[in-house]
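Student: Could you have a look at this structure, given as structure tokens, before my questions?
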Amino acid sequence: MKPLFLSIAADQISYDNNENFTDRKSYTFNSELELKENLELFKKQIHNSIDAIVITSQGESQLKENIFNYQNKKVDFANALENVFHVPVINNIEETENEDLTELVEKETKYSAWHLDYYGLDHGKRQYGQESMQTIGNGYFGLRGTYLEAKADDDNYPGTYVAGVFNQLGTPINGRNIINEDLVNLPNAQYVTFKIDDGEYFKIDENLIKESLRSLDMKTGVLTITQLIELADGKKLKVIEKKVADLNNFHDYYLQYSIQPLNFSGKIKILTEIDATVTNTNVERYRNLANKHLATDEIKNDNKTQLLFAHTNQSNIKIGIKAAIDYQNINNPSYAVDNGPEVASQTIEFDGKEGQIYTFEKAVAIFTSLETQKNLPEIIQKHQFQPDFETAENSAQLAWKDIWKKENIVVAGDITAQKLLHLNSYSMTCAAQTKANENLDVSIGSRGLTGEGYRGHIFWDELFDMNFYVLHSPKLVKALLMYRYNRLGAAMDYASDDDFQGAMYPWQSGMYGDEQSQEVHLNPITNKWDPDNSRKQRHVSLAVAYNVLTYYNISQDEEFMQEFGLEILLNIAKLWISMAQLDENTGRYSIKNVMGPDEFHEGYPGKDNEGLKNNAYTNIMVSWLFKKLAQLLKDQPSDVASENLQRSRFTSQDVEKLDDIRQNLKLDFKDDILGQFEGYFDLKRLDFEKYRQQYGNISRMDRILKAHNDSPDNYQVAKQADTLMALFNLREEDFFQIMDDLGYPVKNTDKFMNDNIKYYIERTTHGSTLSRIVYSMLLSRIDDDKTAWKLFYEALTSDYYDIQGGTTAEGIHLGVMGATLSVVTSVFAGVDTRGDTLEINPNVPEQWEEIDFNINFKGANIAFQITQDTATIRSDKDLDVKYTDKNLPLTANQEIELTY
Ligand code: BGC
């Protein structure tokens, strides 16, 4: 082991490679800088490679090691150093020398890999963001990681969301009644607080909280919040609160609240509520819009059980919440209940003795009429909870163990990446998991169930997540795709409203599958509502088709394809047939009035409402879909194919058109650069530097330009990958085959890749978290590993550091999380599951020693261990694997090792 020894003081770090500090050096903090920036400068000073950091000074916290003062605030130095050095940080103070460093390092490596900790209180959007990150959930509900004692205010937002519970409200804006459909913030049943004697009920207040540690254990799904409290009158207490979601009985979550008077004895009164006065106010810019979605119907409350019934005031979803309370070590408590019109509250009062720990427990079940159509009141009244928190905690641990067995991606050599890959899988599971989703008619919103950003809507972002889900839980993906199948009718209505045929899925989908995109969008720079044309992103239907085909390829679920999948595909194809217009003179087809994934381009300069013509991404994906579909129709038994054609009203002329259109859609080129859309090359380039100097962060160039009465429509500037998204989705050989099919053969494919990737990245501001991860994948294809790694890391840490400066407050970004996991397995480990045969072509970043994981592929479960120069593969079924164009037959349960 090569440790670096550190001693931390208020204004500097002393360090040495040996624990006796015989060659002591130091780094003095620059007080103008944030700790992270200082540590990055400090890192530059360290020339030799290290694999652990040992802090030898005594920390300043009772709750966690390695907490030190930095600029008058106590900070978790272990965390901060790990985030910069990516190696484990331990504490071994000089007095307790001789502890086994290797053991301590191993312990910390494990701890850090599985814990997302926040030491101390934060404020505003930062704390909101941390709550989003520490959400617990199970696919059915998400419960934000708020302090139990908090009510919604500027620093705390105790949101509760159940998948699919949407409601619409209207708000007058600029003389129009604008209707918005929101994922509803449900009654807050996680509220628990206390008071001592005749004092006030305790509220989250940094003057009273001397220390606090919020620790999410991703391995077991338990969030633990510990606080050392000193009340205004000097009374000290320690409070430990825990939350856990039940993954099997997915209606339920459990709370445990332990309170310990440290320097006094007195009356302790615990207050807990189900609070239905809550509104949707997580997103600051929506706060002036109508936000009261719930009407309370009935409250029933006895000493130990609370019931609250409510409904959403437009969609009329019935909601029932049951809470059961219990306690340990509390003698002769006195109960009281109090029902306000919208709040069920209970108190327990008892005599507290100095030093004793009193434990209060609350179990909560949420039912809605969406999944519980019959007898909701009866079912909820009869509903039984697990006997206590500990049992619930143990069963959650077992359920998570099963999940991690399937989806754990282990990377060796980078403690930060390991933590965040766990966080991404954890968040993906909280957003959707088979046990719940099999029973639900829902899909995944772009923010999961962690906040109200984008109103909980479902976008094309599904495409970035499905690959991860399907490799680990194919059944889950089937359930998610059924959300789309069940809304095929709505998509057909949407198409016919626009005078098209087939199915046009909405850009933003909620409850009914109709279009839920906003018509106006608030520009925070000007505070004005600008028109929003993002709904013209018709490519969302291509993402749905892509997901159906990804699922089918990996699961080989014929039944799904025959009953549902083919019908979805045929209807989507029908849309594009009806959108494609033939120019008789050129024999080429054009698709007009669309937008690509780059949301900066809503149309041509000065033309507000016509969208764009021949968006390359759209046209290429249409061509790809038509080819796949034609093949699929041939491969299916003829009765199945014809039954599906009939059901989808897909005529023989339509079948013929598939071939004609897919070979003749129009693309635009300048030399070998593929134009984002027709006319793209007529646009001006933008001087990024000029704006960077004025604004610093220029990622939302659209807002900046609009604030200058200008428009991104006028320039070659993109929010995210657009043209090149086709190369993210498709295998290179398929992509170039399509270019051939379209009559635009590419002779030098390497040059094409190089030129196009470089061309577009220079014109992209990464205004969406979905951008960097796509470019990371693309750059690694052209061997720019350095930039690929940089962008990968920015994508990996995007919610952790809230790189968009406040959007994590409104919920995590599930798309980038899923895509990041996917890039690790498909690009870095190089396991490509998009073809008929599994292909392997590893490209492990030099920063990592090894990547281990399992996947499902065509009924086989395959384990991979990929290092810098070897790949060890073991499948539980016979299987062919393609490696550098050679087919390697794998025999069931026999490990093979490739050296490359
Ligand atoms: C991105 C879209 C994405 C949406 C929801 C936007 O910022 O540009 O591609 O679908 O966020 O995540």
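Note: Cβ is positioned from N, Cα and C throughout, glycine not excepted.
The shown structure was predicted, so the numbers you read here are calculated from the model rather than taken from an experiment.
Feature list, courtesy of TrEMBL:
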type	residues	note
ACT_SITE	Glu599	active site, proton donor
BINDING	Trp460, Asp461, Lys719, Gln720	substrate binding site
DOMAIN	125-369	domain 'Glycoside hydrolase family 65 N-terminal'
DOMAIN	433-821	domain 'Glycoside hydrolase family 65 central catalytic'
DOMAIN	833-887	domain 'Glycoside hydrolase family 65 C-terminal'
Student: At 10 angstroms around each C-beta, which of the recorded positions Asp461, Glu599 has the fewest other C-beta atoms nearby?
Tutor: Glu599
Student: Taking the mean position of the Cβ atoms of Trp460, Asp461, Lys719, Gln720 as the substrate site, which residues outside that list, in the same chain, have a Cβ no more than 8 Å away, listed in sequence order?
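Tutor: Other same-chain residues with Cβ inside the cutoff are Phe459, Pro597, Glu599, Ser768, Leu770, Ser771, Gly815.
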Student: Near Gln720 (substrate binding site), which residues of its chain come within a Cβ-Cβ distance under 8 Å, counting only those 6 or more away in sequence?
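Tutor: When sequence neighbours closer than 6 are ignored, Gln720 (substrate binding site) has Pro597, Asp598, Glu599, Thr764, His766, Gly767, Ser768, Leu770, Ser771, Val774 within Cβ distance under 8 Å.
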Student: Taking only the residues the record lists as binding substrate, namely Trp460, Asp461, Lys719, Gln720, what is the largest Cα to Cα distance between any two of them, in Å to the nearest whole number?
Tutor: 16
Student: With every protein chain in view, what's the tally of Cβ atoms within 10 Å of the Cβ of Trp460 (substrate binding site), excluding that atom itself?
Tutor: 24
Student: With H, G and I counted as helix, E and B as strand and the rest as coil, say where DSSP puts Gln720 (substrate binding site).
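Tutor: For Gln720 (substrate binding site) - judged by DSSP and reduced to three states - the answer is coil.
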Student: Name the residues of the same chain, 6+ apart in sequence, whose Cβ is under 8 Å from the Cβ of Lys719 (substrate binding site)?
Tutor: Asp598, Glu599, Phe600, Met701, Asp702, Thr764, Thr765, His766, Gly767, Ser768, Ser771
Student: Would you mind pulling the DSSP three-state label for Glu599 (active site, proton donor)?
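Tutor: Where Glu599 (active site, proton donor) sits, the three-state DSSP reduction gives coil.
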Student: Using DSSP, break the domain 'Glycoside hydrolase family 65 C-terminal' (833-887) down into helix, strand and coil residues and give each count.
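Tutor: So the counts come to 0 helix, 32 strand, 23 coil.
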